[in-house]
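Enquirer: This structure is in structure tokens; I'll ask about it shortly.
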Ligand code: HEM
């Protein structure tokens with residue numbers, strides 16, 4: 001009998017050794033699969049003082065040659081307690097031959113980025129190819145995102161930002177640990 005609300009039959013995989021098998025083109029990024037969390041610090045010349053934050057990041061796949069990417073951050077007070085929700089973003093990393101990456105990343109602040117770069121199994125380096133802004137979004141011109149797997153369960157991430165009239169420079173650094 002016809003089921004009007006069937007379950008989606010292709011759940012995402014979060015580990016290289018579980019079904020579905022990762023597509024061969026994902027080989028340079030399979031070490032990132034899963035959920036990560038950690039604490040980081042940020043700064044920008046237009047902001048008063050540094051800030052501390054926590055972040056959770058998830059990479060998953062459905063057997064095709066792209067990653068689903070999701071990240072959400074929250075600010076921390078001086079005792080490490082949650083202060084308020086901060087940046088969120090989600091997107092898709094399209095893996096090409098030779099570890100080339102084309103990423104589409106959107107944020108609820110009205111920013112949509114296309115970034116391109118490369119992954120080699122341990123590192124991913126993505127730089128802006130294009131940015132689209134909604135009419136009320138802050139001016140963002142470019143970003144650079146660097147990931148490094150320092151061991152199987154530790155992922156460092158740095159984010160450089162060119163925005164609101166400032167040249168490309170450090171905005172965020174975080175050390176993420178594999179969850180679970
Ligand atoms: C972990 C992720 C991030 C955190 C924790 C974070 C945190 C912050 C904080 C605390 C501010 C100061 C304003 C405020 O209090 O909200 C800020 C400003 C800003 N951030 Fe981020 N941010 C993150 C990611 C990003 C990303 C991915 C972009 C752009 C691609 C971005 C672009 C900006 C811009 C344009 C400003 C405004 C600067 C100004 O108007 O002076 N941020 N961020």
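Heads up, the Cβ atoms here are built off N, Cα and C, so glycines get one too.
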Enquirer: Could you look at 138, 179 and say which one TrEMBL places alongside 46, 171 in the heme b site?
Expert: 138
Enquirer: Which stretch, out of 20-26, 27-33, 34-40, 48-54, is listed as motif 'GXWXGXG' by TrEMBL?
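Expert: Comparing 20-26, 27-33, 34-40, 48-54 with TrEMBL, motif 'GXWXGXG' matches 34-40.
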Enquirer: Tell me, roughly as an integer, the mean pLDDT over the motif 'GXWXGXG' (34-40).
Expert: 98
Enquirer: According to DSSP, how is the motif 'GXWXGXG' (34-40) divided among helix, strand and coil residues?
Expert: 0 helix, 7 strand, 0 coil
Enquirer: Mind giving me a neighbour count for residue 138 (heme b binding site)? Other Cβ atoms within 10 Å of its Cβ, every protein chain shown.
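Expert: The answer is 11 other Cβ atoms.
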